[in-house]
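Q: This is the structure, below, for whatever I ask next.
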Amino acid sequence: MSDASEHLTEEEEVIAPEPEDQSDDSSGDEAAGDTEMDFLRNLFSSSLGLGSADKVLDELTLEGVAEYIKSGKCENIICMVGAGISTSAGIPDFRSPGTGLYANLQKYKLPYPEAIFQIDYFKKHPEPFFALAKELYPGQFKPTLCHYFIKLLKDKGYLRRCYTQNIDTLERVAGLEGDDLIEAHGTFYTSHCVSFSCRQKYNLDWMRDKIFSEDIPRCDKCKSLVKPDIVFFGESLPVRFFTSMKMDFPRCDLLLIMGTSLQVQPFAGLVGRVSKSCPRLLINMEKAGQVSLHPNTKSPPPFPSVRDVDVAHISTCDDGCLAFAELLGWKAELEELVKQEHAKIDSLAEQEKAGESEGAAAEGSAAPEQEKE
Ligand SMILES: [Zn+2]
């Protein structure tokens with residue numbers, strides 16, 4: 001929901017004032033101070049022979065980052081992920097040009113395409129949103145190898161938190177739990193009644209049934225609209241996004257950015273919140289953060305930047321994670337995890353299918369009898 005940025009940025013400034021170390025758009029004086037400090041730091045470390053000992057990464061490659069993790073100096077990894085980690089699962093990227101989403105919306109007779117994700121429009125005309133949700137509803141929720149790589153980071157005790165822009169719930173399906181995850185743009189996993197005095201909660205199955213029966217979801221208690229907990233244009237990001245970010249980023253030892261081109265604020269701005277010596281690894285199909293942003297938001301620095309601890313690995317997220325896992329000695333374990341979890345999902349889907357066809361068969365046999373009567 002890229003246009004959410006304007007409102008969200010205002011929100012961010014109220015809730016979470018910029019920390020001093022958000023260097024790249026700081027004032028000239030501060031920047032000069034930083035350069036001076038860096039110069040002095042370099043001078044001291046080189047004249048004292050500390051240069052190599054101080055170096056966080058031996059080389060600016062995937063290998064260098066893997067060695068850093070193996071060295072034991074990296075305890076807190078933060079993942080920042082976007083639509084690119086879910087494309088191999090068949091989840092369309094709403095925002096990507098070329099998916100034809102906005103071109104497809106003509107049939108809904110919207111005043112303008114973005115209205116479909118605008119909260120005020122939705123409250124008056126919920127039909128287009130739910131029609132689109134049905135059209136785009138994934139046939140299967142099967143996390144990708146990249147999702148399981150993040151789960152592996154958690155299992156091995158490295159994951160401080162995963163910040164996701166995705167609303168597809170695949171991180172949860174892969175086994176991340178509430179505390180592991182910040183769903184910055186909300187989630188389809190839960191829904192709530194839009195009435196402030198009610199706010200009744202509904203689960204994914206309930207919402208899916210409504211979407212597929214083309215029933216506009218209404219609250220069982222008060223008959224108000226029920227909306228999936230995704231962040232619409234004109235809505236705030238979850239408060240947890242702002243509170244967690246302040247706790248997490250100063251303690252980050254490695255920022256792993258995957259499947260996002262860092263174009264949506266305030267999410268993209270998170271990359272500037274780690275310390276100067278914290279390595280940032282981007283695994284993405286293209287370099288990120290170089291596209292001009294919404295005029296009202298502060299641009300994050302181009303990525304990778306001039307920092308000497310930034311690494312960009314240009315590949316799909318799955319390929320990048322597999323290569324990374326291999327360097328870490330986790331490849332077999334990761335592949336086994338994917339295989340096992342996918343088998344579980346497949347067998348559940350088959351059970352459901354069997355249940356459905358049994359149900360259909362029962363209906364089928366009942367029908368002729370009714371006809372006889
Ligand atoms: Zn209600």
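Counting starts with 1 at the first residue shown.
Yeah, the Cβs are placed from backbone N, Cα and C, and that goes for glycine too.
Okay, these came from TrEMBL:
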ACT_SITE  His185  active site, proton acceptor
BINDING   83-87, 93-95, 165-168, 260-261, 284-286, Cys317  NAD(+) binding site
BINDING   Cys193, Cys198, Cys219, Cys222  Zn(2+) binding site
COMPBIAS  9-32  compositional bias 'Acidic residues'
COMPBIAS  357-373  compositional bias 'Low complexity'
DOMAIN    55-331  domain 'Deacetylase sirtuin-type'
REGION    1-32  region 'Disordered'
REGION    348-373  region 'Disordered'
Q: Where the criterion is a Cβ under 6 Å from an atom of ligand 1, which of the recorded positions His185, Cys193, Thr260 meet it?
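A: From His185, Cys193, Thr260, counting a Cβ under 6 Å from ligand 1 as near, the near ones are Cys193.
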Q: Give me the sequence-ordered set of same-chain residues, not including Cys193, Cys198, Cys219, Cys222, with a C-beta within 8 angstroms of the centroid of the Zn(2+) site's C-beta atoms.
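A: Counting only non-site residues, the set is Val194, Ser195, Ser197, Arg199, Gln200, Asp220, Lys221, Lys223, Ser224, Val226.
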Q: Cα distance, the residue listed as 'active site, proton acceptor' to Cys198 (Zn(2+) binding site), nearest Å?
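A: Checking the Cα atoms of Cys198 (Zn(2+) binding site) and the residue listed as 'active site, proton acceptor' gives a distance of 22 Å.
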Q: For Cys193, Met285, listed as binding-site residues, tell me which one has the smallest number of other Cβ atoms within 10 Å.
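A: Output over binding-site residues Cys193, Met285: least Cβ neighbours within 10 Å is Met285.
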Q: Looking only at Ala83, Cys198, Cys219, Cys222, which of these binding-site residues has the biggest number of Cβ atoms within 10 Å around its Cβ?
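A: Its Cβ has the most other Cβ atoms within 10 Å: Ala83.
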Q: Please report how many Å separate the Cα atom of Ser86 (NAD(+) binding site) from that of Cys219 (Zn(2+) binding site), as a whole number.
A: 31
Q: Can you check what DSSP calls Cys193 (Zn(2+) binding site), collapsed to helix, strand or coil?
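A: DSSP call for Cys193 (Zn(2+) binding site): strand.
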Q: Quick one: pull the CA-CA distance for Ala83 (NAD(+) binding site) versus the residue listed as 'active site, proton acceptor', whole Å only.
A: 12
Q: Roughly how many Å lie between the Cα atoms of Cys193 (Zn(2+) binding site) and Met285 (NAD(+) binding site), rounded to a whole value?
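A: Between the Cα atoms of Cys193 (Zn(2+) binding site) and Met285 (NAD(+) binding site), the distance comes to 38 Å.
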Q: Please tell me which one of the recorded positions listed here (Asn166, His185, Thr260, Met285) sits closest to Cys219 (Zn(2+) binding site), measuring Cα to Cα?
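A: Considering only the listed recorded positions, the nearest one is His185.
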Q: Using the alpha carbons only, what distance in Å do you get between the residue listed as 'active site, proton acceptor' and Cys222 (Zn(2+) binding site) once rounded?
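A: Counting only the Cα atoms, the answer is 26 Å.
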Q: Taking just the CA atoms, what is the gap between Cys222 (Zn(2+) binding site) and Asn166 (NAD(+) binding site) in Å?
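A: On Cα coordinates alone, these residues lie 30 Å apart.
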Q: Highest CB neighbour count within 10 A among the recorded positions Asn166, His185?
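A: The residue with the densest Cβ neighbourhood is Asn166.
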